[in-house]
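A quick write-up on the structure given underneath.
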Amino acid sequence: MPVGQVAARPGGGGVGGMVLGGGAAVAAAVGGDDAVVMQLAAAEGEETVITVNCPDQAGLGCDLCRTILEFGLRITRGDVSTDGHWCFVVFWVVPRSSSIKIRWASLKNRLMSMCPSSYSIPFYPDISQPGPSKFYLLKLLSPDRKGLLHVRFADVTHILSDLELLIHRVKVSTTPDGRVVDLFFITDGMELLHTKERQEETCSTLMATLGPSISCEVLSAEGFQQGFSSLPPKIAEELFRVELAESEICSSSLSAELKRVQTATINFDNSLSPAHTLVQIICADQKGLIYDILRTMKDCNIQIFYGRFRSDKKGSVNKGCREVDLFVKQVDGKKVIDPEKQEALQSRLRSEMLHPLRVMIVSRGPDTELLVANPVELSGKGRPRVFYDATLALKALGICIFSAEIGRQAASERQWEVYRFLLDDSKEFPLANSLTNRNRVVDRVRKTLMGCYN
């Protein structure tokens, strides 16, 4: 396909709708508008086509998928190709929910910022750690005795997510006159929260949804440290175990989904290409699946030279499944021929597809705590929208949150991002002594994270 040309829809016909970027030839300077072109959907329910055409670098496909997932989009199909120096990527995407307002211009800018600016970047350099983001304190004052955190926390996280503001910790305190102060320690994905305009946009958007009785203030949190107390050894061992217990697979209400994922097939074929190994994957579709596959390849130092992602078609025997074909090489430029290396990669991929997120409920003294954990990339990046999805699930069950925090913990030879939610027990939905209700919480949170409800 010529450089800069937008792919047509499979089955004939072009794409309709507004175009963001494009117009000039890609002979223009790299990093110009042609590096990222968006063909917006002509109508609700149709796909938007995102084309990225720029120099390649280590894990670029993974980073693009992560950002698309962060903006609340689902990749329905995709084509990725590279010669090791230049890449051409096309993703067909749709919003995961009609309630999500996609900031297309902001997404385009974020994707543009990921595109390398020259050919001088090696294909697989050492993965560097991201620079520290500046922390801010968002203070919401509510006359409600229970506070925003209890009543409308999912609404707040939804708004902050749409504004590209990432929550790191939440605290609740009460003023002498009985009002409740909710404190959100956040970072800004746009890195503009130091400006008056960005602060006013944040507060006005929150107050428009939460009501005029809410007061809002954004302050610098220079002294904030993302401290995190380690989980008790027994709880950590259960949360981070590699495989699900047989009893959990058999008895869980997620049994149907888990058994379907367990039938995933991962095959290696070295006969079709003299230079590449073909990795073929057929597995159950779920939220973030393509991101999970690409981050696993990235962390295992497997280079993808061509990839195609397809959803099942109507009437297909693989209904509800995703088909993935990847032509890959090892970091040394060789094919993946060694059976032990194939088995190790197959095991890692299967683990990420079967168990990409860990969810459990534990007792914390007299209180009940929900734990959600996801693996961190070697680059230091965690999984997007976990905080939002978890609070959305708790809101659906009518469960209030007393406090929340996010931290990192090493286990199973890798880093994990751990979300800890201290839940408010109630007569309507008791948790302290009800195993049934606890299982309902775990089930709802896990299914929401996997995309069953959004």
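We number each residue from 1, going along the chain as drawn.
In case you wondered, yes, glycine gets a Cβ from its N, Cα and C as well.
Given the structure is predicted, the values throughout are model-derived calculations rather than measurements.
Annotation source TrEMBL lists domain 'ACT' at 41-116, 368-451.
Under DSSP, residues within the domain 'ACT' (368-451) fall into helix, strand and coil as 26 helix, 31 strand, 27 coil. Mean pLDDT across the domain 'ACT' (41-116) comes to 92 in this model. Each residue of the domain 'ACT' (41-116) gets a DSSP state, and the totals for helix, strand and coil are 22 helix, 28 strand, 26 coil.
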